[in-house]
Amino acid sequence: MALTSWLPDVLVSRIDYLASLLRKHSLWPMPFATACCGIELMATASSRYDIARFGSEAMRFSPRQCDVMIVAGRVVMKMVPVMQRIWLQMPEPKWCISMGACASSGGVFDTYATVQGIDRFIPVDVYIPGCPPRPEQLIRAILDLQEKIQKTGTIDGREFTHRESYEGPTALACELAAEKTIVAPGDYRTASRLRVPLN
Amino acid sequence: MPLTAITPADEDLIGADREYLYTLNFGPQHPATHTTLRLILTLDGETVVKAVPDIGYLHSGFEKLGEDLDYNQYITIVDRMNYISPVANEIAWHHTVEKLLGIEITPRCKYIRTILAELARISDHLLCIGAAALDLGALTAFLYAFNQREAIYNIIETASGQRFHPSFTRVGGLAADVGDEWIAQVRQFVRTFPKAHADISRLLNRNRIFLDRTRGIGVLTKEEAINFSCSGPVARASGVVRDLRKDEPYLAYDELNGSFKVICAKEGDCYARYLVRMEEMIESLHIIEAAIENMPSGPVNVDVNEKMTIPDKTAVYRSIEGLIQHFELFMWNRRWETPVEEVYGANETANGELGFYIVADGSGRPWRARTRPPSFIHFAIFPHLIEGHLISDVPAVLGSLNIIAAELDR
Amino acid sequence: MPVNFDALRHRFGEVFTTSQFRDNRRLILPAVHAPHVLLPLLQCLKEEYGFDMLAELGGIDYLGYPQAQDRYAVVYGLTNTQTGERLFVKAYANDPQPELPSVTGLWRGANWLEREVYDMYGIRFIGHPDLRRILMPDGFEDHPLRKDYPLRGYGERHNFSPVSRAES
């Protein structure tokens, strides 16, 4: 919004505070529930650990209407383009919670098909450990995200424009070098806008 | 797989012009609560002409991991297959492993495993019915079902420490014995569950909308059910009278044979499958009640000297035999001595016949640990069931088949 | 009344061996005979002996197994729903082009199970109406459950471009 570029900073910070306050208390989640953590997500939305108390009332399954994408469960390589496409379909401001060990780092499944952490492919804001994490942990993560939004939120999403670099794990010593990896032919890039590949 | 237009065979269509058909992608991410499966529907207006399933969006390489982990470690993976009732998967896995090793578990262990298996069955049916109702718009039934599942989670947490994925069974027994508090909790559950069950059936059984949406939808005849290898409630709702708890009794089911009935129906539509599941929950409650009142005392693990089961921690720390027996089962190159044979063992879980085919090569890790997944086999009949129905029947049929994506893809 | 193996031997010749372990009775067809005998044998078992349900169809790779003669095996677990009897038929196949006849004509439930065996092991089923990959992505070239394919793969799982925060 061009308004914030010429308004005085004292006013912009007040507007940012108000916008973040309103946004953090109505985070509508996009439940990207793939596996077992999806069941704990559903349990968190049910009557015992009600996530609607914290503003996440409407679990809309359409990405166009959501604020937070909660990736609950393991993501396999066939699902990565789908996940990226859904992430790109969400309008800003948007955040991502990686719920569970499998989404954060691959979990128990260090196999040929499971992605070792979704932060290799989409930017993640909050990680939740656990297999599966208890509903209290998910609620804690929503509260942490609310704190993050309050502290860094702006009305026009300026805090996102600075995050241009890749934020995920860097290559480990035992990962295969780029010339040794075998590319599985096929159109895996339909989801993301093509850019200069990593290293 | 890229989205291409499906061209059905000529004999499927009335009319020579096919351009009025519309292809709809029921994506891997979809509003129905059935996680990651994809359907490519070819529609004629609102009627489904053809449905092509596309699966594999959760294939994590479970069976390859089975060749890398040993017989006790693999329960962590097996837990995560049918994640709605994880204990049942563990019980089925160790049933097969104990069959391979020729171990006979103690009576107390049999009864505890039976109670856990039936609790898992109730938990699975509750979620299936709750999710099926949610997909058809009935949110209250979902919340009632999840409330009861929380009670079951409490029971499993008291036994093993974790709400679900308990990793509770071990070769030759269980990880730990259960105490009086657990028994009290199970008794409390037996007392309070029938009221919640009555609540859910009052909401749905004679509900005009639910009946209209599930009666006559997705009919599966008895011959088709057998030919398509269906099992469990899906087959029993079509008239196939087969239940492994009565036909090939395992655990404590032959002793508790008189306390439960096998529920079957004739019509084979979604409503029949719903009713079979509702009644099976009550029969499971009868089994739990009989088992908890007749629970034998005694050790829960087989004798440690058979070198199959892990000894008690106090024995490990205080005696040399305990220490040796402990590391014989944990050290990388030791573990169990298995016969160089293969075996198939199956359990009747909530979804159907969950079988494991284990090929052993003498070492402590399986050579091949194959799962016979009931969800995979049931999803294959979905295109057959949905032909000719409307698109709004797709979630009804999907919900009635109880497809769990992790068991489907492994 | 369990299946009489002598009657089957009389009918098909000495092409299979039988064994029993715990309560599994097995009929084993070596790779030289499997392509010719498998389909008539299973048809006979289904129609005359009443094994109307195919409970299980799984593949096994025996590369490196102690005393293995042939490399691949496919196990057919048959069930008689009237009597509750089970029988396991094992058919072997070998490299370079492992092939077996498809049983989708007998049991329609074998359709997806055979596709999965093809996807994971590369065994082709002759006569299958739609033999393509089912669990792995379509462009994937290897057969993952073979013993010479590593657990962690060759890097296909991370072969995607990341999305950074600024451009999403």
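Just so you know, glycine gets a Cβ as well, placed from its N, Cα and C.
Automatic prediction, not curation, is the source of TrEMBL annotations.
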TrEMBL has A:Cys36, A:Cys37, A:Cys102 binding [4Fe-4S] cluster. Which one of A:Cys66, A:Cys131 is in the same site?
A:Cys131
Fewest neighbouring Cβ atoms within 10 Å: which of the binding-site residues A:Cys36, A:Cys37, A:Cys102, A:Cys131?
A:Cys131
Can you tell me whether DSSP puts A:Cys131 ([4Fe-4S] cluster binding site) in helix, strand or coil?
coil
Report the DSSP secondary-structure composition of the domain 'NADH:ubiquinone oxidoreductase-like 20kDa subunit' (A:36-144) as helix, strand and coil residue counts.
45 helix, 15 strand, 49 coil
If you average per-residue pLDDT over the domain 'NADH:ubiquinone oxidoreductase-like 20kDa subunit' (A:36-144), what number do you get?
89
